Amino acid sequence: MVVVFFGFCLTKAGYITTDKQKWLSRLNMVFFTPCLLFTNIASVMSLKQLIDYWPIPCFYIIFFILSFTTAQLVARMTGLTREFRRFVLACVMFSNTNSLPIAVISSLAVSEAGKVLYWGADDTQQSVAARGISYALFYAIFGNLVRWSYGYSLLQPKDESTVVVDYSPQVRHLGQQTATTAQDYGTATAATKSPSSGASSTHSSDILLDVERDGGMARRTSSVTLAGDHPTKHQQKQPAATVTPPNEATGLLSSFPSLPSDLDDQDNTSDDTTLWQRIKARIPESVISWVTWANNFMTPPLYAAILALFVGLIPPFKHVLFAQDSFLYPSFTSAIQSCGRAAVPIILVCLGAQLTDILHSDRDHHGQGAKPVAVAITVRMILVPLMVIPTVLLFVTYGSSWAGIATDPVFGVMMIILGCTPTAINLVQISQVTGAFEEEMLRVLFWSYGVVCVPVFTVVVFAALSIVDKFIF
């Protein structure tokens with residue numbers, strides 16, 4: 001909340017505007033969030049844990065189905081439109097799986113109530129916290145994979161064709177601009193040979209003769225800029241700029257041929273395009289179609305999560321990147337971890353910046369805009385916990401014969417906490433990038449974390465502790 005308040009103050013002071021919010025959210029989504037996901041997933045994932053923790057993905061699938069079904073039923077019963085049903089689905093299915101659960105289990109481990117979570121007589125507070133964080137991070141892997149694919153597609157505007165989110169740098173745009181500039185230089189050089197441009201050439205030559213005393217660089221700049229500042233009749237007929245021809249007596253423009261060096265860049269761009277077209281022609285059409293289809297729902301965080309799974313499941317790669325005695329860990333891996341730690345503060349700052357939009361909004365929120373917010377909070381914070389708690393209770397009671405992890409009190413508590421947390425904070429980041437449901441998402445997070453979370457989550461935690469105390473032996 002303190003970081004959110006800082007974001008609010010910075011916006012009120014004028015340091016963060018709406019455009020800067022969107023730019024910061026996009027930067028966070030393209031760079032900082034992928035760094036966070038890569039380090040969190042790759043450092044935890046391993047083939048052994050995937051086998052030992054097999055109930056965790058099962059619980060995620062069960063919670064996902066329960067959330068999806070409940071959200072669909074309640075949204076249709078309340079008469080929400082199709083667009084707002086997608087919004088409610090995203091808010092209900094994707095919950096906070098990192099910051100809040102980890103903070104809760106870390107606090108429980110060092111509290112007096114944490115003794116209920118001991119798994120054996122020789123267990124310690126540090127072991128309780130470590131196991132809880134491990135369960136939370138492993139659960140978050142599957143949540144992030146679905147959130148940044150299916151969840152991203154849900155938070156799209158009504159007319160998806162009007163919003164195109166391009167994650168790549170504007171290289172193509174710059175290339176076109178460079179090519180156009182180079183073409184103008186070439187056309188201008190050719191135009192100076194025309195007799196009809198004599199008036200402009202004479203005028204520019206007089207200016208250039210006066211500038212000759214200032215040196216080569218000044219002459220070169222004047223030859224392009226000053227001649228273009230005095231358009232003539234011929235220039236109005238021809239879009240290209242007119243450049244003064246060389247002065248035969250002084251050799252004034254002897255250095256001018258260096259300007260069309262941009263033409264070399266244009267040739268290189270054309271060569272690169274031709275090379276790419278040749279490579280693309282050799283790739284089967286089915287492969288290109290599949291890659292295009294897959295790229296439609298892939299996002300930078302999802303790419304990072306998949307890469308992290310690949311690294312985590314291959315021991316040599318994981319050792320090279322995450323072993324503290326390896327060469328890459330203190331340089332490359334630590335740098336990625338540092339960048340990843342900036343992701344959550346940036347999200348919270350943007351969240352605080354968006355609070356000013358609520359204060360200055362003239363929209364009537366007692367109509368269709370308020371209903372999806374109320375439905376999302378009710379389903380996420382009340383109805384879903386009523387189904388999650390009995391599900392975990394059944395597992396910890398009868399699941400010990402299938403999985404030894406069922407006898408760990410920390411596991412039962414963490415599954416209940418992970419299934420009952422509020423809506424994920426980084427959904428507001430997706431809304432800012434896509435431009436859809438920004439204000440509704442902000443209101444859901446404000447009411448969920450600021451009002452509903454404290455009393456509801458207190459009851460949930462006490463219920464979880466009571467369950468593991470009575471039913472786990």
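The backbone N, Cα and C atoms fix where each Cβ goes, and this holds for glycine too.
What TrEMBL says about this protein:
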type	residues	note
TRANSMEM	29-47	transmembrane segment
TRANSMEM	53-75	transmembrane segment
TRANSMEM	87-108	transmembrane segment
TRANSMEM	128-146	transmembrane segment
COMPBIAS	187-205	compositional bias 'Low complexity'
REGION	187-206	region 'Disordered'
REGION	224-270	region 'Disordered'
COMPBIAS	237-247	compositional bias 'Polar residues'
COMPBIAS	252-261	compositional bias 'Low complexity'
TRANSMEM	302-322	transmembrane segment
TRANSMEM	373-398	transmembrane segment
TRANSMEM	410-430	transmembrane segment
TRANSMEM	442-468	transmembrane segment
Q.
Can the transmembrane segment (410-430) be said to touch the transmembrane segment (302-322) if we require at least 3 CB pairs below 8 Å and skip pairs under 6 apart in sequence?
A. no
**Q.** Folded-back contacts onto the transmembrane segment (373-398), same chain, C-beta under 8 angstroms, at least six residues removed
**A.** 55, 59, 62-63, 66-67, 70-71, 74-75, 78, 80, 87-88, 91-92, 95, 365, 406, 411-412, 415-416, 419-420, 422-423, 440, 443-444, 447-448, 452-453, 456, 460, 463-464, 467-468, 471-472
Q: Determine whether the transmembrane segment (302-322) and the transmembrane segment (53-75) share at least three Cβ pairs under 8 Å, counting only pairs 6 or more apart in sequence.
A: no
Q: Tell me, please, if the transmembrane segment (53-75) and the transmembrane segment (87-108) are in contact, taking contact as 3+ Cβ pairs under 8 Å between residues separated by 6 or more positions?
A: yes
Q) In the same chain, which residue numbers or ranges, 6 or more beyond the ends of the transmembrane segment (442-468), come under 8 angstroms Cβ to Cβ? A) 1, 91, 104, 108, 113, 116-117, 351, 354-355, 357-358, 365, 373, 376-377, 380-382, 385, 389, 392-393, 396, 409, 412-413, 416-417, 420-423, 425, 427-428
